[in-house]
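**Student:** Got a structure for you, written out below as structure tokens; questions coming shortly.
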Amino acid sequence: MTATKQHKKVILVGDGAVGSSYAFALVTQNIAQELGIIDIFKEKTQGDAEDLSHALAFTSPKKIYAAEYSDCHDADLVVLTAGAPQKPGETRLDLVEKNLRINKEVVTQIVASGFNGIFLVAANPVDVLTYSTWKFSGFPKERVIGSGTSLDSARFRQALADKIGVDARSVHAYIMGEHGDSEFAVWSHANVAGVKLEQWLQDNRDIDEQGLIDLFVSVRDAAYSIINKKGATFYGIAVALARITKAILDDENAVLPLSVFQEGQYEGVEDCYIGQPAIVGAYGVVRPVNIPLNDAELQKMQASAKQLKDIIDEAFAKEEFASVAKN
């Protein structure tokens, strides 16, 4: 796409709880002028397209329809939420092999359509599937993006905001690493309206050190808590995806925590996709924002990346995946 293009087209692949919530977010936030929805359950996509179209009189004009893979050919953005859902007691990394097979089939068909836009991946394990989308598509790394730690960082900011009594939009803090159990909080750069969190807490005494540890654990494990209560998470990630979509379609050059390709931005972290802040616009990732990590944070980044890299290497050692890799 070009930064000045007026008609912006999104194709969503995967019309489950996350996908349909994302589609709803696009409609209510007036994002994009065209939305095609693909799923193996065709009647579901037809029903959702019809249902969503009934909201347009309250929002803004938009073409919404049940799409085919051939419709991807002129899309600006393809959003991948298709995959087996995470079950109670299951980690995101437990999903690897079955969702790699789904990812391979989906990406192959999208590329065959002539698609030349940007991939945004949200299916879990998102860092692994963003990497596999890059491998299977042959696309430049800048045009394959994962939702990464966007939701985790939002949860982190909201949790801190609730504790200290400010608007979450005034809290600037990131979760980095895997979107999953090995993620970590970048405490060294967390701030409230420009005041370092450490200084803020000294001045206001809103929470002690153990409270901060407990807060991070609640953020890291939030998905498990929600899955145990209602079976799946979808509203938060849907709005996170809508935010990323807007940044891309409107060429915002926004800084967002995403799953982006690693080629030595951090010592010992290479050839994987992992969560870190990045500038994103109409052409995908403009460049990663390499927050200087302290020694403890760097070790956590390296450990998180190693866990992902080991899984990637094991998966792509298998002929069924290695044989179709283009990158």
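Every residue gets a Cβ built from N, Cα and C, even glycine.
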**Student:** Looking at Swiss-Prot, which one out of Ser53, Ser60, Ser137, Ser147 binds NAD(+) in the same site as Val18, Asp39, Lys44, Tyr69, Gly83, Ala84, Ala122, Ala123, Asn124?
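**Tutor:** Swiss-Prot lists Val18, Asp39, Lys44, Tyr69, Gly83, Ala84, Ala122, Ala123, Asn124 binding NAD(+), and from Ser53, Ser60, Ser137, Ser147 it also lists Ser147.
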**Student:** Based on Cβ atoms within 10 Å, give me the single least packed residue among the recorded positions Arg157, His172, His179.
**Tutor:** His172
**Student:** Of the recorded positions Val18, Lys44, Tyr224, which one sits closest to Val126 (substrate binding site) when you measure Cα to Cα?
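**Tutor:** In terms of Cα distance, Val126 (substrate binding site) lies closest to Val18.
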